[in-house]
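Peer 1: Below are the structure tokens for one structure; questions will follow.
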């Protein structure tokens, strides 16, 4: 049963946008990671087929306590895998419905005029192209080392360093044991997509973080100065939290919240490995945090990356990017609006980043627009990364100040980021200030990085 539970947890993590497939598998704590990875990968490959089987056989309606992710894993192994070798009561449950599931599978093959299970996947092979073109991004953990030392380490391992990328096309052309410095983010290295560094000494010792480029944008654009007090409102699994700590140079205070105890435990392990200090973890729903508590009186920056549909995660697999129901999107958007409103109520707040790994306007521009309207002239949108090629959708005047990311345009997961700042007393309404923000970046707004990272004056731990 542990295998199926672990696989279901990874699928749920992907849906919540908590990380990439490999990171979630390797951080799951399951002892046989290759077995787990294979099961999750194949379940994702058959995801849309499994969803149709579950609907046709009405399995979830018949078994109210069976989570959809666990149902997919069980049905995959029952019908397409090696058969259910473990599973306890869930194994017995799946076998009770075997006849109905097999009958539904047979009907599906007849409808599609195919005889093999694999032929049901033919219309969905295009998804794998999006997955394969996204490179392996590696964020250098500057709490433990520096970019130059990590580059030297990989050179000694036989990798060829090609310098700083000049275009997205250069990232797309990477192959073999070659790597580049990213063209946008100063501490991000880029490797070919199939590069596996989970067993690399730098990763296991916390010198590097395997984190998609789009996922690095929220902390980078929040840009708190050393000594700041910062809230990471929905923090698990912790990659953004460790990025914030690196930006702060472990000087200041981070308050990181997540409601799930298992995710908090995982985050604690990750942050410890990354050398993060000055971070208070709390297993708590951010909506229950009192903004007037003196403990948070100096919080000037908030990173809000709430639960979302996860529709931008290219590692979700075939069929997983299908649009959720209108009811599901409405519920998510309502939850996201409540979180954003709550975050803006912290009295000392000066700058906030709202981000999701969703492609849906309802969770992105619509949420930002609704909340800005509620707050009137108190907050405004700041144009983040003016040279970033993928901008917000024109849901309202000023949406172009937000940015989006996508596999096709930026070679990343699908992502949305909006930067909000508190207006000074007497300022105009947010929408009329957007043009000014473009021409005159606000204090604390990051400029684009120089051509290459400079050597640090203070010597970091050298990677040997």
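These residue numbers are counts, starting from 1, taken along the chain as shown.
Cβ atoms here come from the backbone N, Cα and C positions, even for glycine.
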Peer 1: With TrEMBL as the source, which of 35-62, 63-90, 91-118, 119-146 is set down as coiled coil?
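Peer 2: Among 35-62, 63-90, 91-118, 119-146, the range TrEMBL annotates as coiled coil is 91-118.
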Peer 1: From the ranges 397-430, 431-464, pick the one that TrEMBL records as region 'Disordered'.
Peer 2: 431-464
Peer 1: Give the residue from the binding-site residues 234, 236, 238, 285 that has the most other Cβ atoms within 10 Å of its Cβ, counting over every protein chain displayed.
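Peer 2: When each Cβ's neighbours within 10 Å are tallied, 238 leads.
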Peer 1: At the Cα level, what's the spacing in Å between residue 236 (S-adenosyl-L-methionine binding site) and residue 357 (active site, nucleophile), rounded?
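Peer 2: So the Cα of residue 357 (active site, nucleophile) lies 14 Å away from that of residue 236 (S-adenosyl-L-methionine binding site).
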Peer 1: Sorted by position, what residues of the same chain at least six away from residue 240 (S-adenosyl-L-methionine binding site) have a C-beta under 8 A from it?
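Peer 2: Residue 240 (S-adenosyl-L-methionine binding site) has long-range Cβ partners 215, 218, 219, 232, 303, 305.
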Peer 1: Determine the Cβ neighbour count for residue 357 (active site, nucleophile): the number of other Cβ atoms within 10 Å of its Cβ.
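Peer 2: Neighbour count, Cβ to Cβ under the 10 Å cut-off: 27.
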